Amino acid sequence: MFCLNTFKSRWPREFQNLKKKKKKTCVKLSIPIRSVTGDAASLTVVVTMYKRDDYVRNKPGGVFSRWQGFARSMLLPKPFSETAELRRTVADYSLISRGLAPKILREAKGNREDLRVGKDFVGSRYRVQESIQGLGVAVNIHDADDISHGQTESIRTRLRSYGRPVPLLKKLGDNASQTITQKKTGGRSKDKKHGFEEERDVSRVEAEENNTNSVHASVLRLSRSRPQPVLERHDDIVDGSDSASVCGVLQEDGTTCLTAPVTGRKRCTEHKGQRITCAPPVKNPPCEEETEEICGVILPEMVRCRSKPVSGRKRCEDHKGMRVNAFFFLLNPTERDKILKEDKSKPKTRTSSTNQEEPGESLICEATTKNGLPCTRSAPNGSKRCWQHKDETVDQKSSENVQTSTTVCGVKLHNGSVCEKTPVKGRKRCQEHKGMRITS
């Protein structure tokens with residue numbers, strides 16, 4: 001028992017109150033009283049002291065005391081004529097709600113006696129159908145042409161309704177009810193069904209107006225910064241639905257030109273005088289040799305070099321300073337003679353297509369010039385030399401002279417050998433390898 005009392009003092013205050021609920025305390029006070037005659041008497045007074053939890057708690061709602069009478073009277077099942085409290089609080093409500101009344105009340109019918117038509121109460125979960133006319137001071141009743149009806153929950157629909165024309169609003173005024181839909185915390189199924197029917201009616205009327213093309217109002221498109229007015233005609237151009245507002249010419253990539261035509265014409269300035277299905281003629285691509293920029297040096301395999309030349313030059317980095325047919329004459333004379341003998345030993349019965357495809361394999365003059373270089377002219381059919389070296393004999397010792405020379409060019413050839421030609425006077429390389437370096 002001792003341990004229980006010690007732990008009881010440590011418990012929180014809420015648990016102590018749950019364990020033992022204290023009753024109210026009565027205090028008796030005896031006050032001595034002396035009468036006029038001088039006799040002594042005593043007056044006993046019993047004072048009842050309640051605990052804090054016994055008092056009636058009031059929430060801090062004293063600020064809203066003016067509104068209590070108005071709200072209570074609106075929720076009571078009594079007509080307006082029998083509610084004196086409502087008539088008394090109308091003046092206070094009008095002074096307070098000058099700016100709030102136009103948002104709550106709209107198109108008041110003036111029926112004061114029957115306030116709750118259709119059993120629609122005033123509250124956070126119901127809607128107001130009819131209200132008192134002139135309940136707030138300076139309540140501006142908007143004109144029927146300027147009021148947005150129907151879908152009040154949708155911000156996009158509310159913004160679009162500002163541009164509706166008069167005939168559309170008149171149709172909406174006949175069909176839609178003059179109601180304001182409040183935010184429902186626990187709405188009923190009937191209210192939801194009624195709201196959906198109103199939305200369907202409004203959307204149906206808008207679709208009919210747009211189909212007849214009688215409405216050319218501007219549409220407000222929402223953006224992150226601010227709404228911007230965009231014409232419906234501009235939307236039609238983007239979508240391509242209106243064929244008269246676009247050029248419509250079929251382009252090369254298969255798409256349709258969506259540019260607006262020139263005033264008074266059917267086409268834009270770019271497609272002036274063209275038909276819709278008329279595509280511009282496609283030019284035949286030129287030959288590969290004309291379009292491609294390649295090095296072009298004939299390699300020992302009789303194939304052109306396809307590498308791109310260095311900017312500002314005709315050859316690539318590997319064939320710098322070389323002519324197109326340089327490799328054919330840079331070979332050793334013995335190997336050159338072998339190639340010529342092989343060409344002679346091949347049968348001459350070739351098709352015309354083969355001769356057209358391989359024009360570079362025609363015979364070359366076998367003579368050697370005075371500076372030791374082979375002649376680059378082509379020999380006519382049936383002869384071994386060109387017209388200049390036709391009467392000269394073949395210099396058999398030209399190769400030996402090149403090999404026995406003390407100074408040679410030294411440039412490494414494509415087949416792995418070294419150029420053994422004598423360089424030009426005052427230079428380190430021969431005429432064919434002018435400006436080239438020796439690659440290790």
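Glycine too: its Cβ is placed from the backbone N, Cα and C atoms.
Per Swiss-Prot, domain 'GIY-YIG' is recorded for 131-167, and the stated evidence type is a curator's inference.
Under the heading region 'Disordered', Swiss-Prot lists 172-216 (among others).
Taken from Swiss-Prot, the feature compositional bias 'Polar residues' applies to 175-184.
Look at Swiss-Prot and you will find 194-207 tagged as compositional bias 'Basic and acidic residues'.
Here Swiss-Prot flags 247-272 (among others) as repeat 'Cx9Cx9RCx2HK', drawing on a curator's inference.
Under DSSP, the residues of the repeat 'Cx9Cx9RCx2HK' (295-320) split into helix, strand and coil as follows: 0 helix, 2 strand, 24 coil. Swiss-Prot lists 295-320 (among others) with the feature repeat 'Cx9Cx9RCx2HK'.
The region 'Disordered' annotation in Swiss-Prot covers 339-363 (among others).
If you look up Swiss-Prot, you'll see 365-390 (among others) marked as repeat 'Cx9Cx9RCx2HK', on the strength of a curator's inference.
The repeat 'Cx9Cx9RCx2HK' annotation in Swiss-Prot covers 409-434 (among others).
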Structural state census, the repeat 'Cx9Cx9RCx2HK' (247-272) (DSSP three-state): 0 helix, 2 strand, 24 coil
Secondary structure content, the repeat 'Cx9Cx9RCx2HK' (365-390) (per DSSP, counts of residues): 0 helix, 3 strand, 23 coil
